[in-house]
């Protein structure tokens, strides 16, 4: 059939010439190529000391944000947990008590907020779903650990550092 | 036998043995470094500056690993095999002349452990013994992959020994001697009687055959079928672990060192170097320089072994046998005939 792409190439197997049969010229050619590679630039990135350049919208570990007064933005509405396709997020809501106004922005807050990092696929849908701009995937890599329970990140690891006075 | 002679030989043997072990240990590092460089990586670099302590770390790891002896194996042979591999690998260096005689006071010290007049035969015998370690390892493991690997190793070594022997016969016709020392002395300097004195220049085909065969004898890529890991797990050392595995890997590198030394001595002038007689230096300094030059040649060949390993892919088994029996053996016989004609014609002229 006629080729539509115009890139059809009929290959034919020719019997090898003497030069190809003795194989040594091709070995010499290969040796020359590998020898050239010895002097080329190395591609190695020395990981713990040196990081690969990340893109602007790189999605790393999650962080729960605070507002400009240092109050937690999360209101435990559960939209992130609903949006999460991997079912990685759980939370428990609690009511803000008197005297806690400096800690939480609104009357409701997340008493427990857990992300199972082994389930998380770093898709960023929680970030998109959040109406309060409370969660962002702006952290570093997920580090290795030994136990499954250590991959369930609670508020102690997720919430941003409080503002410095 | 006088005491000084014994001391001299003991010192020489220990020094050569230590050098062999050191070179074998650092060949493992060199191999990984060269592999890294050829593939655009850096190789091991964490243990010490540029990874210089990597062989020590590897050796230490090998020592402390658990030694597993399979319950269905033959324990005596299982333990004997790596010992044999290490032994046959390291006794080959006994007949290699490392340098010209050194004169200290009125004593002439030969830089060779055993100056026997059948040095080449000795080397050849030791090389053919080398396959026993591998064969016994494969047999005693009682594992089909090990057995396949060792059967491959045995048939490969036997096939390539023939071509190797035939290529050496052509060399012996030129040199008229079996003693490695005399062969090294014949290649004195670099230029003699209007032609290069190194045997490579009158036996290039013979050298090529010898080179290919020594790759096959050392079980190095492209002929590493005995341990081809994508078909046979790890070939003959599948069941080995810990220090016994280390002994096998070590003996491969010692083999490489010894065969590099043999190649340098037979074909590339051994301890001789260009203009050695025109420099006007004393004999002792020439001897020391000669040792250094011999080691430079050996290091080049070890590098060449590694360079080939990271360039040429492994042969298929039928291709290996074709190359051995249908190419190298006829070629080496033709080389003998041509060499014979050349020697006769040269005498007539």
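Any Cβ shown, glycine's included, is placed from N, Cα and C.
Keep in mind that TrEMBL annotations are predicted by a computer and have not been checked by a curator.
When TrEMBL records A:74, A:77, A:80 as binding [4Fe-4S] cluster 1, the matching candidate from A:123, A:130 it lists for that site is A:130. Neighbours of the [4Fe-4S] cluster 2 site: apart from A:84, A:120, A:123, A:126, residues of the same chain with C-beta atoms within 8 angstroms of the site's C-beta centroid are A:80, A:83, A:85, A:86, A:88, A:89, A:115, A:121, A:122, A:124, A:125.
Residue A:80 ([4Fe-4S] cluster 1 binding site): 25 other CB atoms within 10 A of its CB, across all protein chains. Residue A:80 ([4Fe-4S] cluster 1 binding site) sits 4 Å from residue A:126 ([4Fe-4S] cluster 2 binding site), taking the C-alpha atoms as the reference points. For the binding-site residues given as A:77, A:120, A:123, A:130, the lowest number of other CB atoms within 10 Å of the residue's CB is seen at A:123.
Long-range C-beta contacts of residue A:74 ([4Fe-4S] cluster 1 binding site), restricted to its own chain and to partners at least six residues apart, with a cutoff below 8 Å, comprise A:64, A:109, A:110, A:113, A:132, A:134, A:135.
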